[in-house]
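Over in TrEMBL, the protein carries these features:
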DOMAIN    207-408  domain 'GMPS ATP-PPase'
BINDING   SER235, GLY236, GLY237, VAL238, ASP239, SER240, THR241  ATP binding site
Amino acid sequence: MDPKAVKSDLVLILDYGSQYTHLITRRIRSLNIFSLCISGTSSLETITSHNPKVVILSGGPHSVHSANSPTFPSGFVEWAQKGSIFVLGVCYGLQLIVQRLGGQVDVGQRHEYGRMEIEVEKNLGVFGNKKVGDKQVVWMSHGDETVKLPYGFEVVARSQQGAVAAVENREMRFFGLQYHPEVTHSPEGMDTLRYFLLDVCGVSPGWNMENVLDEEIKVINDAVGPEEHVICALSGGVDSTVAATLVHKAIGDRLHCIFVDNGLLRYKERERVAETFESDLHLPVTCVDASNEFLSKLKGVVDPEMKRKIIGKEFISIFDAFAHELEQKLGKKPAYLVQGTLYPDVIESCPPPGSGRSHSHTIKSHHNVGGLPKDMKLKLIEPLKLLFKDEVRQLGRILNVPDAFLKRHPFPGPGLAVRVLGDVTEGNALDILRQVDEIFIQSIKDAGLYDSIWQAFAVFLPVRSVGVQGDQRTHSHVVALRAVTSQDGMTADWYYFEHKFLDDVARKICNSVRGVNRVVQDITSKPPSTIEWE
């Protein structure tokens, strides 16, 4: 997708490492406004090439006093002034504006973390729709504070402790919020963002999936041309299926889908997926059993990043071989590979600002981002890489992908390799995990809870515990159950099951799966944890 072709003014977020930056992107899109997130240390040329109407400087873990703290490039302020660009600084972003434009930021005497009440002092700028004296609860997260404003700026709101909470210079079109309006802990935050973007900045909303579909088909046709053939790697998940359906709509029978059984699939996944593709989606699919190749290369590997790299490399090797087979058949070798990479995959696979690299911290190398070998022969087509999961589901509905399929829980590209902690080939860990996972998921479906949960799965832990089964002492495996709720997979809360449900599931697992005598539940949100364990 070409951002320049989107029928909406662009809001560009410069990322300085806040764990909430992705939420700003997502919240703005929910207003039907297109938003993108790029590194806060991007060059001025990169920033200007996006032609944004609004630039938001995100929060971050840094202090403007640090020698290597990330900042916007030289010439940014002048460019924004000349082009009538609106700029909003959030948390660290506000302090960056103050410090770079001649104000003063000191280490705060009163650190503010968590919920805090603020009061409007002037009904200007972001609070132009409020009254003086209006109060609201917001989410603060800062140790430094503004003590002197740059020339032309004024305080619009303060916290209950007297710290600057909002500033503006209307003439320059520069604004700042010391708190995070994008998080749910700031109940009026979305109203503030909506008012700022639509009323203050005059942004024209026009971001919708119908436009995305039309634009993607054009981009795919322009890239592939009228004669080239394309391979699509199907995993059985929502992302790759929507990507395949989209490309098939664009180029028809020149798309060749491949489903690889890597030995890391869920219980009867291969059979179930093949039936779905054939009966519901009518996509031509070649199934390849490569379980021996994958598992032999994973033997003895315990590092999760290494697992992902090995799996990514092996996938590409198989795709190259498949392309060669097609060349013999078609007389022309496919030049492109379609993958269902999503925006969160791209964000989580990028490194951090202020670290000598750029963007936000590398959470994990996704098999279809950081896990791909540099010498890959096929050129990538990633039609979904600027979309979040819920947006992909919207696109799938427009493409008539069955709703039951779109509601499937996400499944990681590396499969069960990241749900078996340690060596996936050791003992019968994979078989145990498949059985436990099947019992857990089927129980969720039987209880009518499946559609209320973003993702649920079991994890095989590399520990054994003592138990008593059949009046005998056992020393068997421990498994964990994980279920979360989320909007886009970037943040998540653990799902609260009734105790009876958990009791029933634990009993089924321990009574049905040989080798398991203990079941635990993961009750950690994201952050601080990721959804997957590896």
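Cβ from N, Cα, C; glycine included.
Within 10 Å of the Cβ of THR241 (ATP binding site) there are 29 other Cβ atoms, across all protein chains. Non-local contacts of GLY236 (ATP binding site) by the CB criterion (under 8 A, 6+ apart in sequence, same chain) comprise PHE259, LEU265, GLU269, ARG272, VAL273, THR276, PHE411. Per-residue pLDDT, averaged across the domain 'GMPS ATP-PPase' (207-408), gives 83. A Cβ within 8 Å of the Cβ centre of SER235, GLY236, GLY237, VAL238, ASP239, SER240, THR241, the residues given for ATP, is found for these other residues of the same chain: LEU234, VAL242, ALA243, GLY340, ARG408, PHE411. Residue density at VAL238 (ATP binding site): 23 other Cβ atoms are found within 10 A of its Cβ, drawing on all protein chains shown. Within 10 Å of the C-beta of SER240 (ATP binding site) we count 22 further C-beta atoms, all protein chains included. Ranking the binding-site residues SER235, GLY237, ASP239 by other CB atoms within 10 A of the CB puts GLY237 at the bottom.
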